[in-house]
Amino acid sequence: MGKLLAVALVGIAAALAAERLLAFRNRLNASREIAPVSLPNCRLIKGIEAGSEDIDILPNGLAFISSGLKYPGIKSPAPDKPGELFLMDLNEDNPRAVELRISRGFDLASFNPHGISTYVDRDDTVYLFVVNHPHQKSTVELFKFVEDDNSLLHLKTIRHDLLTSVNDIVAMGPDSFYATNDHYFSDFILMFLEMFLGLTWSNVVYYSPKEVKEVAAGFYSANGINISPDRKYIYVADVLDHNVHVMEKHANWNLTHVKTLQLDTLVDNLSIDPHTGDIWTGCHPNGMKLFYNDPKNLPASEVLCIQNILSEEPVVTRVYADNGSVLQGSSVASVYKGKLLVGTVVHRALYCEL
């Protein structure tokens, strides 16, 4: 009887493990291949060699780019090199990436930038918020942009118990923001178990000097976050659930769910066209390839444009898709006056004229 029970328990455990493995592969779109969608006027951006995970463009066409992310489970091409922040002026005929100098006193050696967001104050001061992972922890670094000499003045480092595994951020003021935690745990093994078991413990946090609170929860892995041009709605990408959530923003900074747009790809960062309200996003068609890092089976890239997301029938257009031969692991897409920037987790960056 004891042996029979043992066999039954082993069988049940094996069946559960197989079910979880299948679900995990589906979350990563492990079997998906994509057909290419080309754009005629594109080039790789010189100087960006170790990723361009997030991009934020000011209304005047200055684009900030985070580079050099070291993310658990993804091989970095420059594991010993500190992260960097770049600037591109998209008003130029042939824009180039220029590294931004960061003020003395900031710990550059452990700089590991992830999501970024800008805020322009009433006096035209530009603040840059940068998610940072020094020593695989999570902080938010607040900088002031000094345009005269293309530099950043570090103002402060923000830490909080609710900011545990921060992925992306959207600034609400000169010292306030919404942030996504892509996992409940920060330890890599526990993060993997969280994904493998399909736990929906990821969330969105609101931060200000006066109040810090969870404002949305129940995500598999909350990733990109941004705000509508009228500042009424917050958009949240759940990369492992292949969708974008629309949340209504209230006066007390709480969020309530409005709708979910389901897609067939792993949605990463979200950028908003301020003139049309369109959502542009860099996506991972097959997330398994991003983690495997097989040079014979490279991670692909995909750019979507989502129009009229609040309507009953949003329009989703695949603007660009590549099998990895040009661009690997796209994570963000941002537009400015007919120019498109596409960033990646740990690869290059692409500039296109639409």
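Here the Cβ of each residue, glycine as well, is placed from N, Cα and C on the backbone.
Here's what TrEMBL has on this protein:
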SIGNAL    1-17  signal peptide
BINDING   Glu53, Ile116, Asn167, Asp168, Asn223, Asp268, Asn269  Ca(2+) 1 binding site
BINDING   Asp54  Ca(2+) 2 binding site
ACT_SITE  His114  active site, proton acceptor
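In this structure the C-alpha atoms belonging to Glu53 (Ca(2+) 1 binding site) and His114 (active site, proton acceptor) are separated by 6 Å. The separation of the residue listed as 'Ca(2+) 2 binding site' from Ile116 (Ca(2+) 1 binding site), Cα to Cα, is 6 Å.
Of the chain residues outside the Ca(2+) 1 site list Glu53, Ile116, Asn167, Asp168, Asn223, Asp268, Asn269, Asp54, His114, Gly115, Val131, Thr180, Gly224, Ile225, Ser331, Val332 have their Cβ within 8 Å of the site's Cβ mean position. Cα of Asp168 (Ca(2+) 1 binding site) to Cα of the residue listed as 'active site, proton acceptor': a span of 7 Å.
Between the CA atoms of His114 (active site, proton acceptor) and the residue listed as 'Ca(2+) 2 binding site' there is a gap of 7 Å. Between the CA atoms of Asn223 (Ca(2+) 1 binding site) and Asp54 (Ca(2+) 2 binding site) there is a gap of 11 Å, rounded to the nearest whole number. Long-range neighbours of Asn269 (Ca(2+) 1 binding site) (same chain, six or more residues apart, CB within less than 8 Å of its CB): Glu53, Asp54, Ile55, Gly115, Asp168, Asn223, Gly224, Ala237, Thr281, Gly282, Ser331, Val332, Gly343. For Asn167 (Ca(2+) 1 binding site), the same-chain residues lying six or more positions away in sequence with a CB closer than 8 A to its CB are His114, Gly115, Val131, Ala179, Thr180, Asn181, Asp182, Ser221, Ala222, Asn223, Gly224. Residues within less than 8 Å, Cβ to Cβ, of Asp268 (Ca(2+) 1 binding site) and separated from it by at least 6 positions along the same chain comprise Asn223, Gly224, Ala237, Val239, Thr281, Gly282, Cys283, His284, Ser330, Ser331, Val332, Val345.
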